[in-house]
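Copied over from TrEMBL:
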- 86-223: domain 'Phosphatidic acid phosphatase type 2/haloperoxidase' (DOMAIN)
- 49-68: transmembrane segment (TRANSMEM)
- 80-105: transmembrane segment (TRANSMEM)
- 125-144: transmembrane segment (TRANSMEM)
- 151-169: transmembrane segment (TRANSMEM)
- 181-199: transmembrane segment (TRANSMEM)
- 206-223: transmembrane segment (TRANSMEM)
Amino acid sequence: MFYSLPILVSFVVSLYFLEWTDVFKPAKSGFTCHDRSLSLPYIEPTHEVIPLLMLLSLAFAGPAITVGTTPQTYKQIFTFYFFFCLGVHAFGLCATALITDVLQLMTGSPAPYFLTVCKPNYTSLNVSCDTLCIINFFIVVFSYRKSFPSQHATLASFAAVYVSMYFNSTLTDSSKLLKPLLVFSFIISAIICGLTRIIQYKNHAVDVYLGFLLGGAIAVYLVRLCDFHYSPSDAPLLQMRACLLWETSSPVTTAVLLLCSPRDPPAPCPTSARRPSCTTCS
């Protein structure tokens, strides 16, 4: 588990070079100067019905709420679980953003308002529209040649599907109405967040739809890989395994080792474990 942090750091560094530098340039896809699908109005991003940042913040707060409502007896184990889910969520967001950036650079698809911002000079002779845009508006063209797939759609879809599957796996059956309410709220918020990109001409419809599929697929894969099914009845088992791992691992590493396979048979609790909260070891 010690390699997890370097991998996450490498993802963040890669995202920095992909998003905020011109080290990696998008591919030059062909287009015509009179393409009406690329001449739509440019709308300033001053208002969003469901801001992406708000959706991501709520997705991070979801596991914290479930920890706060757990009985005090299992508070420590659920705290481990919260940090584990938080780490997987952060990793998934970075991976989703990185995959999206790579696809955007490979396709180089212009945004719907590309020609509106580029404003090519149609009176120039023997010079292509693509060349005119690159010469006069290089920074603008570089930024707005990354429409496919929509990063807003991929990140919103990942966050919504991830936290929805988390709620569906961890909330008890007694909360029959709360569970679908939370799940539908996040899914609808993600859909609105993506459709807003189409309405405001930030992305083409196909960019958003495939972004939904990409983000949702990554979320489903990570949730199924880590097995988020957990209930208070599993707490004694996890507590016994925590005794074994506590002295040799950090709290975050212990949580990951415990919760990636919570139903594996636990190893015998060592006599050297002296942490007071490990009541199973006493």
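All positions are counted from 1 along the displayed chain.
Quick reminder: no glycine exception, Cβ is built from N, Cα and C everywhere.
Beyond the ends of the transmembrane segment (181-199), by six or more residues, the same chain brings 48-52, 55, 58-59, 62, 150, 152-153, 156-157, 159-161, 163-164, 167-168, 171, 205, 207-208, 211-212 to within a C-beta distance below 8 angstroms of the stretch. Taken through DSSP, the domain 'Phosphatidic acid phosphatase type 2/haloperoxidase' (86-223) splits into 102 helix, 0 strand, 36 coil. Sequence-distant neighbours of the transmembrane segment (151-169) (same chain, 6+ residues past either end, Cβ-Cβ under 8 Å): 50, 52, 55-56, 58-59, 62-63, 66, 85, 89, 92-93, 96-97, 99-101, 104, 179, 182-183, 186-187, 189-190, 193-194, 196-197, 202-203, 207-216, 218-220, 222-223, 228-230. Averaged across the domain 'Phosphatidic acid phosphatase type 2/haloperoxidase' (86-223), pLDDT for the predicted model comes to 82.
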